[in-house]
Amino acid sequence: MCGIVGYAGTSLLAGDDAAASGASARPLEVALGGLKRLEYRGYDSAGVALVGPGSPTAAFAKKAGKLENLVAAVAEQPLPDATAAVGHTRWATHGGPTDVNAHPHLADEGRLAVIHNGIIENFSELRGSLERDGVSFLSDTDTEVAAQLLAREYRTAGDLTAAMAATARQLEGTFTLLAVHADAPETVVGARHDSPLVVGLGEGENFLGSDVAAFVAHTKEALELAQDQIVTITPTSVEVSDFAGNPAEGKRFTVDWDAAAAEKGGFDSFMDKEIHDQPHAVADTLLGRTDSSGRIILDNLRIDESVLRSVDKIIVIACGTAAYAGHVAKYAIEHWCRIPVEVELAHEFRYRDPIVDERTLVVAISQSGETMDTLMAVRHAREQGAKVLAIVNTNGSTIPRESDAVLYTHAGPEIAVASTKAFLAQITAAYILGLYLAQLRGNKFPDEVAQLFDELRDMSRKVQTVIERGEYVRATARSMQAADKVLFLGRHVGYPVAMEGALKLKELAYIHAEGFAAGELKHGPIALIDEGQPVFVVVPSPRGRDQLHSKVVSNIQEIRARGARTLVIAEDGDDVVRQYADEIFWIPQAPSLLQPLLAVVPLQIFAMALAGAKGLDVDQPRNLAKSVTVE
Ligand code: F6R
């Protein structure tokens with residue numbers, strides 16, 4: 001939540017048209033470009049602040065609403081050339097989404113500009129203390145309190161880095177703060193505590209960002225910061241220290257995302273592009289996971305094999321879509337490895353005193369690697385002695401850093417706020433983990449693991465087939481704009497798919513939608529069915545086991561008898577279900593446990609197309625933000 005960009009670079013070093021002062025338009029360009037890529041983190045307001053040699057104060061502009069409002073304001077009233085900049089895109093917490101509450105917040109007579117991500121919990125106490133010192137506030141935000149506190153510390157310390165450290169020591173809550181000061185026109189100082197911040201390393205310029213998307217168009221060399229660190233960047237230096245001022249080091253890494261992956265690439269929306277990226281997300285997540293003999297190998301798995309052999313329980317913690325990926329993981333891992341798996345929303349896990357010990361493996365699933373609820377649950381699990389394995393998409397993020405092991409998904413940057421390709425990549429990673437554990441613990445023979453892995457490899461091609469059949473789904477969605485309530489049913493692995501289908505429709509099209517376990521229907525929800533009620537049903541493979549298919553077909557008949565309009569996701573060749581479906585969306589045949597990778601795709605396309613037909617912004621749905629970095 002909230003996107004943050006920082007930049008320091010002079011035209012003299014970067015080789016732009018050299019102005020005698022070194023100032024140029026690049027800091028503003030980099031800040032606005034970074035904000036464009038980070039806008040998915042919040043779009044209640046946006047702002048920038050710039051400093052350059054000889055500027056008496058920080059120049060700034062800020063506007064409520066989406067980034068385009070800021071861009072228009074800057075076009076109308078140009079900002080001066082500069083050597084350092086900060087930029088912010090906001091998801092409002094303290095104070096409504098107004099121009100005044102937008103970041104940056106200024107202090108020290110306009111010479112200091114501060115932006116912030118997070119929540120400062122002791123802000124009212126600090127505000128009281130500052131007011132007693134004669135400070136008056138313009139906004140309702142906790143950020144302005146941090147700005148004024150930093151100004152007070154700066155007056156004492158006379159150095160922005162030392163002042164930032166002194167400020168950070170007094171703040172409670174979560175924060176990433178960035179500051180520029182007119183006295184230090186080539187410097188940006190940042191502090192992080194439980195909120196994300198990464199450094200981009202350029203030539204004659206350096207960058208800061210909430211995540212690497214902020215600067216990947218300029219550099220792929222990056223530095224991961226630990227918690228409670230201060231970073232000071234200039235065009236030629238990056239210095240890291242702890243809050244006590246002791247020198248520290250960041251961890252270097254190279255971003256493996258292609259800058260073009262963060263562009264729409266000819267699609268109408270990031271969501272459409274990301275749905276089309278899904279075959280690659282699955283294939284890339286599987287790449288390099290086996291050795292020449294076909295055995296699964298997991299790099300970065302810093303947990304001893306003997307520990308993994310002795311695990312007697314797995315708990316998956318995650319939120320939202322990532323939690324639904326966790327539900328799929330439960331079915332697969334329990335079946336393949338015979339280890340009990342619980343799935344729990346991270347925010348519930350953290351506060352219910354869960355039973356966890358050193359024989360528990362906690363699997364944290366997160367696209368962003370920054371979700372605060374999941375991060376807090378990771379910390380709690382480790383405090384209880386559990387090993388934590390993270391399934392994460394974003395390099396340089398906090399959750400993998402704080403976990404014992406990481407299995408990266410390779411979905412590439414996911415910019416649309418609602419998750420699509422990350423979900424498929426998370427499920428793929430969970431399958432890899434399940435097969436790895438089955439291999440390690442001897443639950444499956446090597447040839448069985450190899451065969452399942454081959455079937456998994458084949459899923460990328462099948463996902464592509466489902467996408468190619470998308471036009472019928474889109475046409476159906478366009479005809480359903482008037483729907484005000486849609487239900488989704490599934491059994492077994494189809495149940496999390498139903499819940500994910502409902503979530504996509506809620507968040508994209510603002511339609512009330514619920515996902516149910518099909519067997520639960522007759523225990524209450526069937527009362528919701530009346531004439532014409534649209535109900536999506538995920539039908540298991542007719543070739544599967546345990547009569548699952550016939551049970552779901554019976555459920556379809558039950559709701560049809562009560563007037564439901566049935567929209568069915570079924571496997572090619574399923575002639576039985578055909579006769580009970582009002583609409584049918586065919587997916588290729590696949591092993592039962594792997595079917596979610598296919599069955600969810602028509603539901604994603606449906607939600608996107610219906611939202612599009614209603615004229616809604618599918619990339620930035622109202623009230624949401626990607627990467628929920630507050631609890
Ligand atoms: C829904 C969605 C959210 C996220 C959830 C967890 O489309 O995107 O439900 O899945 O906020 O986010 P990550 O995976 O970043 O931890």
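Each position is counted from 1, following the chain as shown.
Glycine residues also receive a Cβ, built from the backbone N, Cα and C atoms like all the rest.
As written in TrEMBL, here are the features:
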type	residues	note
ACT_SITE	Cys2	active site, nucleophile
DOMAIN	2-236	domain 'Glutamine amidotransferase type-2'
DOMAIN	303-443	domain 'SIS'
DOMAIN	476-621	domain 'SIS'
ACT_SITE	Lys626	active site, for Fru-6P isomerization activity
*With DSSP, how much of the domain 'SIS' (476-621) is helix, how much strand and how much coil, in residues?*
67 helix, 29 strand, 50 coil
*Integer Cα-Cα distance in angstrom, Lys626 (active site, for Fru-6P isomerization activity) to Cys2 (active site, nucleophile)*: 9
*asked:* Across the domain 'SIS' (303-443), what are the DSSP residue counts per state (helix, strand, coil)?
replied: 66 helix, 28 strand, 47 coil
*All-chain count of other Cβ atoms within 10 Å of the residue listed as 'active site, nucleophile'*: 28
*Tell me the Cβ neighbour count for the residue listed as 'active site, for Fru-6P isomerization activity', meaning other Cβ atoms within 10 Å of its Cβ, over all protein chains shown.*
27
*asked:* Please compute the mean pLDDT of the model over the domain 'Glutamine amidotransferase type-2' (2-236).
replied: 92
